[in-house]
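Engineer: Dropping the structure in here first, questions after.
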Amino acid sequence: MKFQRLKSIDIFRGICMVWMISTHLIDWWLRSEYYWLHSVTVMIFDPFGASGFLFISGVSIALSYRNKLRKVKLDEDFTLRTVRITYLIRALIILIIALIYNSFIALSLMDPSWIWTWFVLLTAAISLFIAWPLLKTSKLLRIVIGCGFWIANPIIISILLPYEGTLSLNGILFHIFYSGMGLEPILVFFPFFLFGTVIGDTLFDVYQMDPSENGFRKTFGYKYLGPTIGIGSILIIFGVFFEYPNFLRRESFSWVFYSLGIDIVFISLLLSLETFEILKTKKSYKLFFYYSYYSLTIFLAHNILHFLFLEQLDLMNIWLFTLLTFIFMTIILRIIYKKWRGSASLKAQIGKLGSGITRKIEERSNKNVDKITTS
């Protein structure tokens, strides 16, 4: 059975994009005396920011990977080598885009060190590379590795932090692992991606049964919904009460578990609404679908809004202008989707480019093999 597209994933990713753009607009446009509002909103909603985006990216990657593995078994012309090359090329393209994006920021700040800074694009690209060999491993091992990252992180940062800004080995290591403190350093945020692959694998196993079959909802309930809601709730409770109220401090040990719990519970609730047809996704998910489908395009393009109302808005009009911006942006995205669809989606174009380069590599490899066998 062909794995159906889960609209809940688009909704989740779209919500993450809306939140990330919102927090940027508030950060850019709010007058400095009201900056506490940005801090408060981040404390409340940040599980749907970069952590949520990387988490749902991991879910999507795992589903795509498992689908391709099944295609390898069914199509003799489609090999695991093809899957590997395509995956790594796409990761490389995203890495190049991330470094170009960072380079523009470095130029604007006249500081070349910003070329290697953990904005979410760079974190996503490196996460893709690290995750590739782990996709073949068991879910349990990935969970252990993810928890290991989070346990090791406070130890590593306590060792390296005193050397921040120095040219010593520890100073260089600090820059590699933590450049851009307060952003999305790999040791903190890669586990969200990795745990997302665990959820993706679980969903793939559950959806081997046709959703239209009798008994699917029961299977979904006890194989996925019950365990994930339970585990997610435990993570939330642990995060809140461990070193309370540290769960509100971004990147803290309790925050990562709290945020992961929120992400797991939220995607599970969305999937249950979709599975039990409580949410009529065919009509209601379109708004967030645009922000999911054009996520990379939006992330790069929304930076032009930086100077529109730079530090000019107060507590009242920030909400009005943010809402108007999203209304205008949504209208534009809808027009673009109707007219150009995938042609305007960087994410879709990266997929096509990766597949095209892979075909060229495979063709060249096959020609070399033919030459060797005929010589």
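From the backbone N, Cα and C atoms, a Cβ is placed for every residue, glycine too.
Here's the feature list from TrEMBL:
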- 5-207: domain 'Heparan-alpha-glucosaminide N-acetyltransferase catalytic' (DOMAIN)
- 12-30: transmembrane segment (TRANSMEM)
- 42-66: transmembrane segment (TRANSMEM)
- 87-109: transmembrane segment (TRANSMEM)
- 115-135: transmembrane segment (TRANSMEM)
- 140-163: transmembrane segment (TRANSMEM)
- 183-204: transmembrane segment (TRANSMEM)
- 224-244: transmembrane segment (TRANSMEM)
- 256-276: transmembrane segment (TRANSMEM)
- 288-310: transmembrane segment (TRANSMEM)
- 316-337: transmembrane segment (TRANSMEM)
Engineer: Between the transmembrane segment (115-135) and the transmembrane segment (256-276), are there three or more CB pairs that fall under 8 A, provided the residues in each pair are separated by 6 or more in sequence?
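Structural biologist: Between the transmembrane segment (256-276) and the transmembrane segment (115-135), contact is absent.
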Engineer: For the transmembrane segment (42-66), give me same-chain residues lying six or more residues beyond its boundaries with a C-beta closer than 8 angstroms to one of its C-beta atoms, as numbers and ranges.
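Structural biologist: Residues 3, 6, 9, 12-13, 15-17, 19-20, 23, 83, 87, 120, 123-124, 127-128, 131, 135, 183-184, 189-190, 192-201, 203-204, 248-250, 256, 258-260, 262-263, 266-267, 295.
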